[in-house]
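Student: Copying in the features that TrEMBL gives for the protein in this structure:
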- 346-378: compositional bias 'Basic and acidic residues' (COMPBIAS)
- 487-645: domain 'Katanin p80 subunit C-terminal' (DOMAIN)
- 319-411: region 'Disordered' (REGION)
- 16-58: repeat 'WD' (REPEAT)
- 59-100: repeat 'WD' (REPEAT)
- 101-142: repeat 'WD' (REPEAT)
- 143-184: repeat 'WD' (REPEAT)
- 185-226: repeat 'WD' (REPEAT)
Amino acid sequence: MALTSTTITSWKLQEIVAHSSNVSSLVLGKSSGRLLATGGEDCRVNIWAVSKPNCIMSLTGHTSPVESIQFNSSEERVVAGSQSGSLRLWDLEAAKILRTLMGHKASICSLDFHPMGEYLASGSVDSSIKLWDVRRKGCVFRYKGHTQAVCCLAFSPDGKWLASASDDSTVKLWDLIAGKMITEFTSHTSAVNVVQFHPNEYLLASGSADRTVKLWDLEKFNMIGSSEGETGVVRCILFNPDGSCLYSGSENTLRVFGWEPDRCFDVLHVGWGKVSDLAISNNQMIAVSYSQNNVSWYVVDLNQVKKSGSVIQGLIEDKPIPAPTSAMGATLRRNYERPTTSCTRQEMKQSSEADRRSPEGERRSPSSEDEKEDRESSAEITNPEDYKEIFQPHSVISRTPPKRTEPFPAPLEHSFSESVLEKPGPAVKIVTPAGQLKGLITSSTPVQRVEPTVIAPVGLIAGDFLSVTLSGTGVMGDDEALAQIRKGHDTMCVMLTSRYKNLDTVRFVWASGDVKTSLDSAVSMNDLSIVVDILNIINLKPSLWKLDLCTSILPQIEELLQSKYESYVQTGCMSLKLILKRFWPLISDTLTAPPSVGVDITREGRHQKCKACYKQLKNLSNVVKNRAEQVGRHGSTFKELQLLMAPLDY
């Protein structure tokens, strides 16, 4: 199998099923670039570690879809706004709900934490903006001025200003201390999706559905730059941490801009679809997008991206760059002064006191309804190991230096034609030898592959192939060790070769587009690792599931749930959950329906399949019940399955 290897600039890191229903919002932690929060139509907020397949924590309490979500600067707290207009604030380190705020009359579509952390702002579909004191559970000010939904909010680095972007095509700047609008920017011709402050200078950037990115001078309050090269709606923007350039994300494209004069340094075509958020860590850009209930991570190596130099011809007019008039350059502007925490708190307190006398200000005391909402909210830790690693309490004294996050290794771009399942039409997901889903095969988004290190594939334990017999001295000699290594190596090679042939056979069947036959061929091989690989693909595409598949796979799921391999159990649980949610109503209705009049072959066939599925599900319910009583990382998953299977007993 020939591989042509070259270093690449961008690649898909991973794709996960984030919720049981459609994902409605998500956000990356900007400080670390390693934490993700997702909100779904299932009314849950799930917390993820980037590149990890399992959810760390699931936050409940909302009773309507989660429409917006945001981390604070330390990534220890997360706030989520719902379609019903309520806000919930969680402490991730303590794994508990802190506040429930009932304020807006319509869906909350934008949120941001004040840099000092004790205030947050929320924007609603009803065009209102509210400033909240999270310590006292009260709204301290309400800002009016927009005429349509407020799409994005951003506090300035010094915490004195708030920028808002709206569907009414305007960007407004608000003075938090004075409690009034400072200025309004009206150059966009369509909805403004995103705003962000420069990390140091008095500069504001905005991205719009009019396919432009504009930059605004916050000293003179005028536009000083505008990009005209976007090929689609600007969905997210991000300044480089040193403020040297601006990144903009639109559908499948990343652009790098400079200003004064306007210029485009680089353009990258990344297959991330409708990208939703960006973060930077270890000189890598982490991007995230979602579609239905799937979330995908992408990585862009910024070492290979141009962030200065000449203009990309044909995108923006190549204007000569004027010579600077001083050592610092011609466009030097004032930097933010970051006040002390106590100073900012005092100023905000004065504003809060003033708003009580303002007709626009609103305050409310905590009510019994809020307290009830708090009690009904919960934070369920679903992955204790990752939770402990990421949210280690700061009160605990660390005896060793904290771990540094390492850059994600870049894969090598090569042809997969002989090593993956291929299917005509849209790209299909593949499974590595470790049984973990890694991405989609597309021409522009290479898939992360396993680096050439010695690992044991799923279904094999290296120790099973090595003898524990030692020489008479109690220490294995060199010759004996080499012999044992060679023996185990040969056996493992035989196993891997057999597995490769089996996968190649399944790939051939899969190419015909018949998922049922592909799965049946995998089952007939009596190799659970092949079944796991196929299920890892099908689980991420619920539309591929049919009643026929259930009858074939339910007996295999029983084996997977009782396996000693964690990845097998995880895959089996996911498959069983999908079957119960998608097919139990059909099975129940079919079996309880009165007999039909006359001969209906289709109905009879469906009835037989439903009867077989019901019998197999009854067998599985005993396995699930036993596993739900055990303590372990999968205990909560089996408890959830037990609840889903409760109707089987009636």
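First residue shown is number 1, and so on along the chain.
The backbone N, Cα and C atoms fix where each Cβ goes, and this holds for glycine too.
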Student: Treating G and I as helix alongside H, and B as strand alongside E, what does DSSP give for the repeat 'WD' (59-100) in helix, strand and coil?
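Tutor: Within the repeat 'WD' (59-100) the tally stands at 0 helix, 25 strand, 17 coil.
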Student: Can you give the mean pLDDT for the repeat 'WD' (185-226), rounded to a whole number?
Tutor: 93
Student: Would you mind splitting the repeat 'WD' (101-142) into helix, strand and coil residue counts from DSSP?
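Tutor: Residue counts for the repeat 'WD' (101-142) by secondary structure: 0 helix, 24 strand, 18 coil.
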Student: Do you know the DSSP helix, strand and coil residue counts for the repeat 'WD' (143-184)?
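Tutor: Looking at the repeat 'WD' (143-184) with DSSP, the answer is 0 helix, 23 strand, 19 coil.
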